[in-house]
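A short worksheet on the structure shown next.
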């Protein structure tokens, strides 16, 4: 099985790319407890030692590396002056077996929590629970200053494959369980602060937790959206037999990813075991017998996690000693009607909202577009349950009524899937600190608002229906300070919650934040002027990078050679080290290339100030991107982290060199477009990166073809992001400079999660079969996310595997386990509950047309790549035809002329037509190949709300804004003009219209637009004086100007990217781009909306 974390000494690492084993050498010295609360001393060299990576003779295939970890290249120390060229010193090949750690393992102290009231959640192992030994790292169970009498268990680790047995005795802290902390979201302010004016609000930076008691159901922040690239589990790349990991012990063949230590305690060595097994796992030998009271068999069991809490039976002795003196434990338990066991009564009394089923004749009712942004449909649940449901901005299903059988789903001809925005910035987020994270013993579901409490001591899982014991600690509610009301705990009152994870959820100490910047400095790159912008933005935001005292940073530049920068303490200026051997890259002086940000800030600032000038006279036109990425990977492997690479042209030398595949004259052909990568080098390297917890973000700033189809793989499979700035030039295209500045600021300062994994679970009977997004799929259903960011969306496709008979509702739960930039291990959990229906009309009633469109867009990208663009376009059109045909033949009782659709799907043809006209799927000669590929990347990686805006822009009339119906936000009045249909019919020459297309905005000024708007908003005397390339509105002291700027600023603040505003007139060259977004009108490559409806009607009536 794949191993996502950095393996301990003597273990091989297999990450899906078939790489060779790594040897990292022994842990060099004990990690000390630091005063910064993180549990590490930044000055201790052994904490994350950067050993020199020594080359082995080149007998491996590309993308594979073999390092010996403990040799130092002392020959390099005598290279002094900047600009000197290195040749790799001769080194004997590494031979022999990997280094094993002899004797006891150094002790690592867990992070001490800042809040004195919160007890370290890892410190309490009740009698009988096994404290897990985590790979080659050892966690102490108590703080440095231990109370007299408490002991810390030291467990030496020896690799072995014996069976795990509970130790006969346990020395550890058996104090009562810890207390809880509820805090505001650590993600800082919500997204509104992305692009505010300087000084108006701080940027979103991870804030330290502050104790706080939020309301039972806090409002959750702004909107979420669609998904990213698909990786089918069946296509995973398996490593060759000789790299079989030692971790695949005999127990693994039974579906349990653990190995045994010499003392018999269980050793966790994969995130699959840590997060809990997935749907494909088999029963754990020691799992409890199935619940005899269940009326159906449970089809799935999962590997179990060594419990961090003691499951107490109803008659446990701990009850009688309670300070609250419950008489005899037999008190009758009354649960409010919030659990799903009360659904039968409450559901039967509901009347369905029949509006969703009202037939709409699309050929007659032309004004069907709502004048406000379309909201997600509300599931047909009892209000007590619905008020606890997950915010649709975070978790959304294409069908809010789940069909009971696959046959019913097939009949509806609609896709079933989920769209997630799991790490979204939230203004409020309940955070629980406790040594007890309550999970189902069978399927590992986290306790949530939709479980059922059978009595005070037992709860039934809402995914597998197993009955579990309520742990003793869970009986106490820290918010109300009442004992005996487990159903009122925050975990059971909030569908979105975050847990501070104890040590069982770690494979190694939480990694420090590590940021590596890789810059293209070829002649072409210097010509664009991007380096000035990037270095200045980085200088301005250096103190705002998410992190703590352990944050590390490094820089690499490249043209036809690779340049490293030594930032060693004591140097008067940064030292450049040049490696010209790009066929066989090695790392010179690795210990000084990634340095502590706080301790070396002056040297880092000096480098950023001088870097843009260092290459101004360079005539080097070649680009060795592949070797530069290989070097970056080697440098980052020991710790993991984030690589940000800036590229301006097609890579031309070394590994990963590419040739141009774009032929402008053939852009119109849907058959011969090169959407697939021309090499697997970037994908293989991305998988290597993923295995070492490294993500790569690509910034492409290019006016020429750069083969983004190939380059984009480096980000897709390493859970990175792609940014594309077409024709970037600081003089010729200055508006792109502002866009890069704003988006780079957001990128640098937004919160980040490291070494993350995500698993999505669903009620027994449902199954997930396809994932969309930027990640690598491990062990069938575990998504590996070396980095997770708040701007990424994901999607999954599902099927009904077993009939959901007798089920009133089903539930879905996503769990994201990550390391925060402060070094805390956290788990963010979202749970959603939806009703099950048995009739086709109810399935259509609950259709979420935006979610359906978003999922179909993801599927169409995959179809374009695996088949052809025309196949994908046909599939989109057929999705509309099939669903409306099924509705007409199976639901409509009276056949009527025209094109009939249920009210819930009235916008479906319009949205699919919009997809056909979007750059990802349109035909015609005006779409560059890289631009098309970038739009496809956005479809796969954008949350649904932004994807819909890119697909179907919003059009507003803005020359007559008023305060009527306006929003009041932070003393600002935001006008709310109605949304108009995307047709030139809706434009008047007397008005001014704003089109919001997500990543770009157009303000079209009609020829006869009122003089007051032109002078009081645009600040020019008349229509003829409006400049041709105007991209900013002047800030004038007029009511009209204030309203217009407030409205545009408010739209911009709600997204993580910065839309450029183009102000255009009738004779503007950009008018064609504006008209291209008029979805309802005919374009060179697509039908008008009315013509499209006629085509659909013709096919439906066949």
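If you go along the chain as it appears here, the first residue is 1 and each next one adds 1.
Glycine too: its Cβ is placed from the backbone N, Cα and C atoms.
Per TrEMBL, the features are:
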- 11-52: compositional bias 'Polar residues' (COMPBIAS)
- 60-72: compositional bias 'Low complexity' (COMPBIAS)
- 73-87: compositional bias 'Polar residues' (COMPBIAS)
- 98-107: compositional bias 'Low complexity' (COMPBIAS)
- 133-154: compositional bias 'Polar residues' (COMPBIAS)
- 162-177: compositional bias 'Polar residues' (COMPBIAS)
- 200-231: compositional bias 'Pro residues' (COMPBIAS)
- 241-251: compositional bias 'Polar residues' (COMPBIAS)
- 259-271: compositional bias 'Polar residues' (COMPBIAS)
- 437-473: domain 'Zinc finger Sec23/Sec24-type' (DOMAIN)
- 510-748: domain 'Sec23/Sec24 trunk' (DOMAIN)
- 753-837: domain 'Sec23/Sec24 beta-sandwich' (DOMAIN)
- 974-1040: domain 'Gelsolin-like' (DOMAIN)
If I take every residue in the domain 'Sec23/Sec24 beta-sandwich' (753-837) and average their pLDDT values, what number comes out? 95
Helix, strand and coil residue totals from DSSP for the domain 'Sec23/Sec24 beta-sandwich' (753-837) stand at 0 helix, 59 strand, 26 coil
With helix taken as DSSP H, G or I, strand as E or B and everything else coil, how many residues of the domain 'Zinc finger Sec23/Sec24-type' (437-473) land in each class? 2 helix, 12 strand, 23 coil
In DSSP terms, the domain 'Gelsolin-like' (974-1040) comprises 14 helix, 14 strand, 39 coil
